[in-house]
Structure formats: C-alpha cells, structure tokens
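Engineer: Shown below is the structure under consideration.
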Amino acid sequence: MLLILVLGVSLAAASRPECFNPRFTLTPLNHTLNYTSIKAKVSNVLLPDPYIAYSGQTLRQNLFMADMSNTILYPVTPPANGANGGFIYNTSIIPVSAGLFVNTWMYRQPASSRAYCQEPFGVAFGDTFENDRIAILIMAPDNLGSWSAVAPRNQTNIYLLVCSNATLCINPGFNRWGPAGSFIAPDALVDHSNSCFVNNTFSVNISTSRISLAFLFKDGDLLIYHSGWLPTSNFEHGFSRGSHPMTYFMSLPVGGNLPRAQFFQSIVRSNAIDKGDGMCTNFDVNLHVAHLINRDLLVSYFNNGSVANAADCADSAAEELYCVTGSFDPPTGVYPLSRYRAQVAGFVRVTQRGSYCTPPYSVLQDPPQPVVWRRYMLYDCVFDFTVVVDSLPTHQLQCYGVSPRRLASMCYGSVTLDVMRINETHLNNLFNRVPDTFSLYNYALPDNFYGCLHAFYLNSTAPYAVANRFPIKPGGRQSNSAFIDTVINAAHYSPFSYVYGLAVITLKPAAGSKLVCPVANDTVVITDRCVQYNLYGYTGTGVLSKNTSLVIPDGKVFTASSTGTIIGVSINSTTYSIMPCVTVPVSVGYHPNFERALLFNGLSCSQRSRAVTEPVSVLWSASATAQDAFDTPSGCVVNVELRNTTIVNTCAMPIGNSLCFINGSIATANADSLPRLQLVNYDPLYDNSTATPMTPVYWVKVPTNFTLSATEEYIQTTAPKITIDCARYLCGDSSRCLNVLLHYGTFCNDINKALSRVSTILDSALLSLVKELSINTRDEVTTFSFDGDYNFTGLMGCLGPNCGATTYRSAFSDLLYDKVRITDPGFMQSYQKCIDSQWGGSIRDLLCTQTYNGIAVLPPIVSPAMQALYTSLLVGAVASSGYTFGITSAGVIPFATQLQFRLNGIGVTTQVLVENQKLIASSFNNALVNIQKGFTETSIALSKMQDVINQHAAQLHTLVVQLGNSFGAISSSINEIFSRLEGLAANAEVDRLINGRMMVLNTYVTQLLIQASEAKAQNALAAQKISECVKAQSLRNDFCGNGTHVLSIPQLAPNGVLFIHYAYTPTEYAFVQTSAGLCHNGTGYAPRQGMFVLPNNTNMWHFTTMQFYNPVNISASNTQVLTSCSVNYTSVNYTVLEPSVPGDYDFQKEFDKFYKNLSTIFNNTFNPNDFNFSTVDVTAQIKSLHDVVNQLNQSFIDLKKLNVYEKTIKWPWYVWLAMIAGIVGLVLAVIMLMCMTNCCSCFKGMCDCRRCCGSYDSYDDVYPAVRVNKKRTV
C-alpha cells in the first residue's frame, strides 16, 4: 500500500485535480509534439514471443515491433521561469492502439556530481482518467522521486499500480531536483471504492541513464518489455548498429485495452535558484515514443530468451531473402523473392471540367416566400454541393433515389435548385406527401422526384405568406401577379423558430459530356506510376501515361476498346492512356560481403513504378526509382556495376540469358557501406579451344536452305458394312443340309455378332473422328444500350425484319387524295425526294431539275398548286411588263424553262419505251426458234434411248434365266450327294462341305474384323493429325508432310480424310563435325535443343539447332551443365524368335477321299455371247441442246429500267368545303325527318319506337294517373 499512501489516495470524486502542492507556483505551457524517423535494427525494437524465446530456434513469426519511421518526440522537461516560478506542460494524451515503445533517459548526473538532478519516468494508461480504469508504471528513486538523503542514487524503484475506478491528476510529474522533499499533491490519485487491485514496488540497480521500454495490450493483459541499460551517447547510432534487444518482463491484468496514454514530466519549482533547482534548469529531455505494429519477421533466439538476430520480411530484398531461405547466413547465389508488391504509389482525382457555378448565397440566407419561390438551373459546370448541404444548419435532410453521402460525390446531367421558406406544418406534410395549401397552390413536387429536400434553420423574423387559391402543377408557380401581391401583403409574422429555409435539389442522371460535377480536391496527374484514380466519377487502379495516338470523340472524355474497357481519358486537353498495373517476380543476388542486387524479371526499368503496389519500405521505394538500373534480356537489374565487356566461364550467381552477377573485387564488410556486385556476360565455354569432345566426333549435314513443298496424304477412316445370310451361304436351298447345320449350334449367331462388332467398331471410330473435326459455334448476341443523347441509327442502318419493305398510303388516304401513276425512266423518284425533303415545296420545282444522259428533265405532271404558281408568275410578268419597261418579262423564263424540261422528260420516256419494244420483239422471236430446235433434238435422243433400253430388257431376261440355272446347280449337287449316299455317309459328306464353307466364312469375318481395327487405328491417326497438324504446328519432322511442318488443310474424301501438308524441306546442307558433349576444365556440357558443331577451318565449338544451321556462341541458355565428363554406356541385347513350321500332310489323300463317289458333271448352259451390250450415243443431241440453251440465255431482254412514278394531288379547298357542307346538310335533313315523323326519335322517350302510322294524340302526365283503355283517370 506504499504507493497509495504516498500519492495520498482520496475517496472524493471530482474532475481531474492538480498534481503538485499548492505552494508550487507553476505557469501552464502548451505541449508540442514533434515527429522524426529513426533507423533502428529490427532486433532492438521487436517484442519477442515469451513462450518461444527460450527455445533457441530460428523461425518465422508475426510479432509486434516499434514503427520508428514515425517516432514521436515527447517533451517532459518544461523550461524554468527564473525567480518568478516554473512552467508546467499541459501534457498531451496520445492514442495507444496495440501498444507503445518508449526510450527514455533516467538520470544525467555521474556518481561524482553533487547536482542531484533527476528525470524519473512515469506513464499512465487509461481513457478519460476520471472514474476510469487506470494502469500506472513509475521508475523513480526513493519515495516517488523525493530523496530521503542528499547523495547520488545508484538504485531506482519500480512502482506498478492498476485500479478499476480511479481519477488521476491532470498533469502528473516529478520535481527535477531530488532533495526537494514532498511536492506531490495529496489527491494526485483518487481511488474510488478501493478499486486498486495491483500495487507492487521493487528496486533495480542503475547502470546508465537510458533504457527502452515497451507496453503491449494483449488478451486483457498489459505485457511489459525492457532492454538493458543503453549508452547515453550517440543514441541513434547505437540503435542502428548496436545490439540492445528487449526481453519480456511481466504481465499486468488490466481487463482490456486502455486506449490512451499520458507521460509524467519533470518540473522546476518557482524561485529555483534559491531552492537548489537551479542546477537542473538547463536539461532538455524528450521521450522517443513509437507505436507498435505487427510484422512478418524471421527471428533467431538465444537460449536465455533474448533476440540474437531478426529480419523484417517486407523491409528490403536482403531482409526478405533471410525470410525466404529461413537463415541469416544463406549461401551465395540468386534467390527468387515474392512478387513486386506493397501499396499503390498515389491517388489521382480529376472531377472538374466546366466553369464554376456560384451558389446563391444571399438567397439561401434569406429565402423568398413560397408563393414566389426562386429557381436556379445548373448546367455544364462545377458546383459546391456543400454550400446547400453541409454548410447550412440542417433541420432535416431527406433524399429520393440517391444517398445523402453520395450526393456531393457524383456528376449529374443538370441540377435544379429551388429555394423558399416553409413552416413546420407544411414541411411535415411535404415530407410525408400530404396535400395541403403549400403543395396545392405554392410549390408541388413531381411524383418521380429524384433529388433531396434540405430544410435548414433560419435566423429571420420575416413574415410567412402562402397562396390558397388557383391550383398549380408540379414545378409550376402562381402566374397572376395581382393575386401574388395580395398574398404577400397579407403575410403574417411567425416565430422564426417555426419557419425554416427549404432547398429542393432536383437531379437529372448524367448523360452526355456536359455534366454538373461536385467540387473536389483535384490532384496532379501522376504518370507512369501505379495509382488509384477517380476520373470524372470513374474509379479504378492502373497506370496513366500520355498518349497522342489515342483518339477521343469530340465532346467526350473517355474512349473504350472493342471489349468495352476504358483505355483512354482526356484531362485538360491532354490524352492519357489507362493501362493495368503489372506484377512481376523479383530475384535477389546475394553475397555476404556485397550489397544485394535486384532483378525485376521480364520488366523494363521504365515500368518498375507500374507494379500493382508501390513498396512500403524506404529501400523498396529506392529500388523502384533508382537511377542506376540497367535493362537486360532477363529484366531490369538494380544496384549493380555494369561490365558488359567482361565474359566469365564460371558463375555462382546466373540470372539467365548468359548474364551473371560476380564479386569483381575483394570486398570487406564494414559499418558504413558494401561494394556492389558486377553484372557481366556468362559463357561456360568461353575460349573453348581447349574443350575436348566427350563422345566420338561425327560428320553430319545440317540444312542451310529450304523450299516450300506440298504433300497429299489420304487416310481411310471407314469401310462398307457387310451383312451375310449364314444359313443360305452354307446350305443354299437344301433342307437336308439345314438339318445337319442345326448340329453346329450358334455358329451363325456368332457370325452375326462378329459382323455387328465390326459395325460398332466402324461407328465408334467414325464418331470420334467427327468430334475432332467438328467446330463448336455459338451465336454472339451483342446488346446495344443507347443512353443519353447518343444516336447510332445512322451507323447501324435498318434494324428489324421489315427492312426494305415498301410503305403505302392507307385506304383512307387513297379515298381523300387523287393519284396519278406514270412510267418513270429513272429520274422521277429522285425529283420527288428533292421536293419532299427540302423547304419550299412546289417553289423548288426548277431547283430539283434532274439530268438524264446529259439532258435536263422534269416530270410531265404538274400539281394544281404548281400550275397556279407558274400561271400567276406568267400573268404577272406579262401584265407588269408595260410599266416596267419590259424588265418583269423575265418572269416568263421560269415558265418556259420548266415547260421545256417537261417536254424533255416526255421525249426521254417515249424513246426508252420504243427501244424496249424492239428488244422484246427481237429476243422473243429468237427464243421461239431455239425452243423449237431444242424440242426436236430432245425427241431424237429419246427415241434412241428407247431402242437401247428395250434391248437391255431382253438381255436382262436371259441373264435371270441363266442365274436361276446356276443357283439350281448348287441344290442339284447336294441333292445328288444324298441320292448316292445313304444315312450317315451322306450326312458326313455334307458335314465336310459345311466345315469347308465355315472355314471360308470364318476367314472372311476375321478379315472384316481386322479391316475394322485398321479403320479404327486410321481414325486415331487422322484425329492425331488434325490435332497436331491442323490445329497446331507440329514439331515432329516428316509427321505432317515431308520436312518441317508449316500448315495443313484437311478435306473430306470418300471413306476417309485427305490432308494437304505444307512444309519446308532442305535443299542445301552444311557438312560439319558434331559431338554429343564437351568437356572443359573438368566440367561436362551438353547441348540443349540443338547440337555442338565445329565449323570447318575453326577450332572453336559453337551451338546450332538441328533444323537450321546458324552457329552461335555456346552460352548458359543453350547448354546443360553435367556433373562430370564421363559417359555411361549401356548395351541392350535383343533376340529374334523364328516361327515354327507346321507338320506336313497328304493333301491328295484328303482330296481323293472327299471326291470318292461324287459326280462332277454339270451341264453348263450359260453362254455370255447371247448378250448384246449395246450403248447409247446421244452426244450430238446433247451438244445441240447445250447450244440451244446458250442461245436462249442470249435472248435475255435487258430492258431499260422503268419505274412507276406516283404523284399524290390534294383536292382544292373549295372541293373540301363543298364536301363538308354536303355532309352537314345530309345530317340536318335526317334529323329534321326524324323529328317530323316522330319515328324512332331521340327526343321522344329516348328512342321509344312506335308505328309511324299510329295515333299521335297523347298527353303529358302532369299528375300521377292510371291509364285504362287509352283514357286517363286521375
């Protein structure tokens, strides 16, 4: 309880009290924080894992470490104020987040000093520090810095205090002079309800005055770390070079994260010189405070729990190399790192295009009455939406169709701003869409309103006037000025707290290029760097580069590719291309005594800044912009010395493409810098004249010149399917044979199954081939979306199924207008289009004059309007020529001109008709002669064919008879066997016949199966050639044609596929020596995808491909390094098995036994000379028919094209007047007739029809009555 007693814990609850005794006169002073960046070793600022630290392992962990790049300089020694008193800081409270790292000075005085000055350390964690959960750590000698004896201190006390409900004084601190006595106020820490559950104190020895502390909140505990005592001089150098790791100290239960921290200060009392504090007035101490961040680290521990070494995996290439290899001492070599990464380099915002629209400030401050509300239109400009949203004291904001947050971040086609005042009742009704006098007679919103209603407070006591008559439409206003004056004069005063200003913001969705965009903090365009961008509302991540080849349409700001991706933007009349960021793998060349060399694989140095993310650390950022970078075939190399004239034949750090990192000079690691690696050329057989072949040297021919050749290759892929009637084939028509065949069981069924198997093999093989030949297609449906003012109709032409359809006037129009149709030689339709599509109508008659074969023509039809026009012109010109001295007679010229042109039109039409009539007559007569001749020749040919066909029919009859005799012979032979043999002997002979035929049939079916298997194999070969030769370029020589394959074209052929292979074949060769491998300096080398050759008259080995002789230097890219120069030979034995010879047999005995009692006499009456193979010769007739057809084709009449010209003439006005008068008169007559006859009249009981000849005497019922027998009884 020592700490609580010393601090004077009180049970009073109040705001934060003062920390020092009232007798201390201290002047408050503002507390200023500064920031700096300190380079520190990772091992000095990381917080080790307390559970693994004593394992002595090297492993990769996610641990917390101090972010020294943004170190806070926290002053804790306010200056003295001379004899009038001291100063005290209003110390800052800083956020804690995950935790804090602190480096502090405890003391400055050596043991021999008699100044007795001190700078104790103290920190308090909490939130509000009033009735709050608080944790305090203090490092101060004796009694919280109040010395009990005047002597230098070599020990300090550690005070730990945790309270769940306490209040800490406002600016905690210590006195700078130790022997000052008690200076802390009694209520510096107030404990409410004895809530302090941790209160520990212990002592530690003091070695130096500087120490590092770290505080980490984790799982409801406060973990405390500390370093050893640090040297007081050259603080930053010791942090970056020395080894001062932190170790875990202890854990305090605090019940959760405490979000804020306040550090204690060291003050100088008033009248310091008189009281001994004057010896401590010149000290100026700052705490170095850094926040903790979680990083991916590689950490190596000692067995005592301290950190031996550590590396931040994202800090630099060297640090990441340690993490990749898992070692702090990897062997020399080139190692792949992760992909080029971290954060985006910057942000580009461009939103403003037009001029600036000035907001109506004065109207918003003093809005008009609702009856005379004010409207402002915003179009093609930049507008500050915050003026009407954020800058006004909002009472209520409600938006429709748009989020209030996005209102000031989007562009719109136009913005309408209506401003007025409104009272509370009308405002609620407007928001709830309740009709009242405001919405009915003053201002009404449309049903599809898109925008925001912003009601804001007014500081005004002006009267409030609304109209209550004359309804308005949405967006409309009162138009009667006298009524408006009356309303305004009758305005009544309302308390200003019940009247609000109303801004109605109506938005139109963005369309086109003239937009209203919000004011934003536009940035400078960052080029050739990976950035996030917001370009006129279009957001994304990419690289902006100036591009003069992109074309952006007029009035537009973007251009897109064929796939719809935005690829260009116009900013301030400059065109920029938008390209995606790149991501590339990075490699590092490592040597322990040299700086790390970086290789950006496959990336040019100008594109390093285009990586997806700009690196976090300073070292990675420097690598992305370093000037000492070199473009190589392998990529961009950074941080090396270029030696492109140096060639080495051994390389420990190859980077590909015959390039290598080497340590070109003897380097010694020092504390300041390391030499750089050198980039040189790598040739493993450089100066290989001493290289020896590993195998015998052979002479080979390598092509040097080629020619293109075409090869045809046919592959049969299918065969005809065969069906066999097994029983008929074996026995014919013999019933005795069929009986014997029954003893063979399922032989015929097996034969049919085998044939079915053949068909299945052929079908499956053909199906697989068809699948390989087939090409999958799909319909590409493009959906066009037309928004805004874009109109693509002119580009796309006619769309839909009715394109090109002729339109006609309706039947009603045919009834109302007269039509005249005449023949059009080709100029009348164009004349009518000229009249209809331009201004002026009939006045443009002569302007629309057409030309036909060099002659000016006009249609011969003149409408009444045109006739009246020319007549009045002619009459006026003639009549006025007398008193105008003949000048107006020029008006006759248009009349005469149009008359001549119309006569030309009649003449042209007549001439074309005459020419067409001559062509028709001549061609028709020619056609009749040729048709008659053709029919004659056809008749002769048919007669000849009839004679030949009749002869063939007779011969066919003879053939059928002879075939019948032949088939009967088979049955006769079998029947003869049965007639000579009896019983078993006969059946045995038949059995031998059946066996023989079965063997033949089995052999045939086997051949069919073999043929089907061959077809299947051919199908597989064809499919392989389609896949390798047609769909790709084969690398196999002579597989797709003869030579090196270029292109193959497949064609379907009968029962197969025909390939046309194009390949280039050698015509000339180089005769050179080659070896399978070379040995140089005890290392073996083999060629990779080629061969080593020794050109004639040289002693230097080279490399060339086998397809083309092009010797180049041997390099790492075309060479495989072997483990040794020895060759392993393997001998393969093979044995050829000779087929065994079958045993001999006496064929004559078998033959004699079979034909022992068999008669072989057969009456063959077949005579092939009985057939007359006559042929039909109709060549002459066919040739004649061809000539006739050609003559008929020549008789085609090429008529002059005559269109039908249709002219619609409207009736004169007097005809329409007479027609309307007639219709009106007819209607009046019908009505009059109906009224006079009272027959079906609508004036009498609503169409109460009666007989026209009936009685008409009736009376109106004035009173209620009952009618009986046509009499009325009241």
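Note: Cβ is positioned from N, Cα and C throughout, glycine not excepted.
As listed in Swiss-Prot for this protein:
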{"type": "DISULFID", "residues": "Cys19-Cys169", "note": "disulfide bond"}
{"type": "CARBOHYD", "residues": "Asn30", "note": "N-linked glycosylation site"}
{"type": "DISULFID", "residues": "Cys163-Cys196", "note": "disulfide bond"}
{"type": "CARBOHYD", "residues": "Asn199", "note": "N-linked glycosylation site"}
{"type": "CARBOHYD", "residues": "Asn304", "note": "N-linked glycosylation site"}
{"type": "DISULFID", "residues": "Cys313-Cys323", "note": "disulfide bond"}
{"type": "DISULFID", "residues": "Cys357-Cys381", "note": "disulfide bond"}
{"type": "DISULFID", "residues": "Cys399-Cys452", "note": "disulfide bond"}
{"type": "DISULFID", "residues": "Cys411-Cys517", "note": "disulfide bond"}
{"type": "CARBOHYD", "residues": "Asn423", "note": "N-linked glycosylation site"}
{"type": "CARBOHYD", "residues": "Asn459", "note": "N-linked glycosylation site"}
{"type": "CARBOHYD", "residues": "Asn572", "note": "N-linked glycosylation site"}
{"type": "CARBOHYD", "residues": "Asn644", "note": "N-linked glycosylation site"}
{"type": "CARBOHYD", "residues": "Asn663", "note": "N-linked glycosylation site"}
{"type": "CARBOHYD", "residues": "Asn688", "note": "N-linked glycosylation site"}
{"type": "CARBOHYD", "residues": "Asn705", "note": "N-linked glycosylation site"}
{"type": "DISULFID", "residues": "Cys834-Cys848", "note": "disulfide bond"}
{"type": "REGION", "residues": "917-967", "note": "region 'Heptad repeat 1'"}
{"type": "CARBOHYD", "residues": "Asn1096", "note": "N-linked glycosylation site"}
{"type": "CARBOHYD", "residues": "Asn1157", "note": "N-linked glycosylation site"}
{"type": "REGION", "residues": "1162-1201", "note": "region 'Heptad repeat 2'"}
{"type": "TRANSMEM", "residues": "1213-1233", "note": "transmembrane segment"}
Engineer: Counting across all protein chains present, how many other Cβ atoms fall within 10 Å of the Cβ of Cys517 (disulfide bond)?
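Structural biologist: A count of 22.
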Engineer: Which of the recorded positions Cys381, Cys399, Asn459, Asn705 has its Cα closest in space to the Cα of Asn423 (N-linked glycosylation site)?
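Structural biologist: Comparing Cα positions, the closest of these recorded positions turns out to be Asn459.
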Engineer: Could you round the CA separation between Cys399 (disulfide bond) and Asn705 (N-linked glycosylation site) to a whole angstrom and send it over?
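Structural biologist: Each residue's Cα considered, Cys399 (disulfide bond) and Asn705 (N-linked glycosylation site) end up 79 Å apart.
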Engineer: Cα-Cα, whole number of Å: Cys313 (disulfide bond) versus Cys19 (disulfide bond)?
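Structural biologist: With distance taken Cα to Cα, Cys19 (disulfide bond) is 46 Å from Cys313 (disulfide bond).
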Engineer: Go through the chain and flag residues at least 6 beyond the ends of the transmembrane segment (1213-1233) whose CB is under 8 A from any CB in it; none is fine as an answer.
Structural biologist: none
Engineer: Between Cys196 (disulfide bond) and Cys169 (disulfide bond), what C-alpha distance do you get in Å?
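Structural biologist: A Cα-Cα distance of 16 Å.
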Engineer: What recorded positions in the list Asn459, Cys517, Cys834 lie within 10 angstroms of Cys381 (disulfide bond), counting C-alpha atoms?
Structural biologist: Cys517
Engineer: When a 10 Å sphere is centred on the Cβ of Cys834 (disulfide bond), how many other Cβ atoms does it contain?
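Structural biologist: Other Cβ atoms within 10 Å of Cys834 (disulfide bond): 15.
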Engineer: Near Asn1096 (N-linked glycosylation site), which residues of its own chain have a C-beta under 8 A away, given they sit six or more steps off in sequence?
Structural biologist: Phe1071, Val1072
Engineer: When the Cα of Asn663 (N-linked glycosylation site) is compared with the Cα of each of the recorded positions Asn199, Asn304, Cys452, which one is closest?
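Structural biologist: For Asn663 (N-linked glycosylation site), the spatially nearest of the recorded positions is Asn304.
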Engineer: Let me make sure I understand the structure: which of the disulfide-bonded residues listed (Cys19, Cys163, Cys848) has the fewest other Cβ atoms within 10 A of its Cβ?
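Structural biologist: Minimum Cβ neighbour count within 10 Å, taken over the disulfide-bonded residues Cys19, Cys163, Cys848, occurs at Cys848.
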Engineer: Nearest to Asn705 (N-linked glycosylation site) by Cα, among Cys19, Cys163, Cys169, Cys411, Cys848 (disulfide-bonded residues)?
Structural biologist: Cys411
Engineer: Take the Cβ of Asn304 (N-linked glycosylation site) and count every other Cβ within 10 Å, whichever protein chain it belongs to.
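Structural biologist: There are 10 such Cβ atoms around Asn304 (N-linked glycosylation site).
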Engineer: Express the distance between the Cα positions of Cys323 (disulfide bond) and Asn304 (N-linked glycosylation site) as a whole number of Å.
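Structural biologist: Just about 23 Å between their Cα atoms.
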Engineer: Limited to the region 'Heptad repeat 1' (917-967), I'd like the whole-number average of pLDDT.
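Structural biologist: Averaging the confidence scores along the region 'Heptad repeat 1' (917-967) gives 67.
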Engineer: Rounded to a whole angstrom, what is the C-alpha distance between Asn304 (N-linked glycosylation site) and Cys834 (disulfide bond)?
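Structural biologist: Cα to Cα, Asn304 (N-linked glycosylation site) and Cys834 (disulfide bond) are separated by 103 Å.
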Engineer: Give me the CA-CA distance between Cys452 (disulfide bond) and Cys411 (disulfide bond), in Å, as a whole number.
Structural biologist: 15
Engineer: Far apart in sequence but close in space: which same-chain residues, 6 or more away, have a Cβ under 8 Å from Asn30 (N-linked glycosylation site)?
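Structural biologist: The answer is Tyr89, Asn90.
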Engineer: Within a 10 Å radius around the Cβ, which one of these glycosylation sites has the most neighbouring Cβ atoms: Asn459, Asn644, Asn663, Asn705?
Structural biologist: Asn663
Engineer: Given the glycosylation sites Asn199, Asn572, which one's Cβ is surrounded by the fewest other Cβ atoms within 10 Å?
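Structural biologist: So among Asn199, Asn572, the glycosylation sites given, the one with the fewest Cβ atoms within 10 Å is Asn572.
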